[in-house]
């Protein structure tokens, strides 16, 4: 060892502090001088090293005293010092004459003790102490980094184990696959190509069957690549399994958005095969593992997700969940793509899923509107196509606003239930929720819907319609729902005004009565 040579010692020992048992321990104890030190240290088997482990309480012996007090000791005559622990010599058969012992500090705490035994000639000097003190500092840094590395290594192993367990429990079973194969849709598949289609007519398993059918019913994709059917069934089932049971951002919503983009793709023919593939998979997976809370809530709550992703927290997570599902055995529906196409479609899926963050809708809308108004939009420009895909994702994500009024009001009901659940949590934490998340302001729903449809939905569908005229039913449906919400908002306004007038009249009568009593 370098330190032993540095101070011309015969032997060296390194003791580490075991904070749980308040002991010092050493596995490589008393490394002695040898003509071939590599042979002395490195060629010993791990089992032999473990058998040499020595443990004793902090406070016992010279090393124990140094660990307890944090003081350095230079002992010229070990056997004349009452603190010397002779049992170690008795156990090892070694004769200790003198000792130089120093603590190893990290952040003000003793994490170990390094000890030099038997100076080759005479006793350890002041120069030895100074040289050894410098070594102890570097030794502390090395030990600290070794502990950090070990901690990281253990964390990585725990992470791998957790992923392995998660993968087992979050993937579909063979029984589920067989069950899905045996299901026939209770509706004519042609109905899936209608913007007005209601997902409510299908149960959860039937939505899986319909999702598989829709992807296999996109002619451009089928002519471009062959998707393994078994992988597609397994992938779709596992996607469903990874949607949480929250009021709105659940499997039904994922299916509804996928159905919406399916209709757009079937009717328009604007997108290329890889773009269609990315759009469909992105829509199906765009809210996988959604927690029923907003990005801002996760940031305010210092959620681990918010620590991992600085922007579009949930959207990044949804994409990574999608990739992790694709990486499971038997789930890669893109296995027949070339490596370059595989990379392209994954990048496109990421772009599309991130586009569902409404915070990104506003710059996307402004940029696309500027191109359209300036008559500069070019379908051959890749950046322009990406903008169109982003707006298409938003339009499909908000497709509930385009459905019939009966569907729309049921969708809004579950959306607000999810909002109110978050508001309830915020109230329990002493936070005042915004009005749309305050259960006590339920009567304001019509006003908030009018603002939402006017500020986001209508502009989105107008943009989409200007580039894909086949999406006009979405714009028309949204406008019809807006008219109804505006009527409800107006009724609420009149009702409130009437209530205020009644209260004022009642107040005037009370004032007259009080005056008559006084008179």
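Backbone N, Cα and C define each Cβ position, glycine as well.
Site annotation (TrEMBL, ligand Zn(2+) 1) includes 253, 286, 287; from 128, 131, 397, 421, the additional listed residue is 397. When TrEMBL is compared with the stretches 470-494, 495-519, the one noted as region 'Disordered' is 495-519.
Within 10 Å of the C-beta atom of residue 250 (AMP binding site) sit 19 other C-beta atoms, taking all shown protein chains into account. In the structure shown, across all protein chains, 449 is the one of the binding-site residues 252, 449 with the greatest number of other Cβ atoms within 10 Å. It is 397, among the binding-site residues 287, 397, whose Cβ has the fewest other Cβ atoms within 10 Å in the structure shown. In the structure as shown, the Cβ atom of residue 249 (AMP binding site) sits within 10 Å of 23 other Cβ atoms.
Note on residue 286 (Zn(2+) 1 binding site): other Cβ atoms within 10 Å of its Cβ, all shown chains, come to 28.
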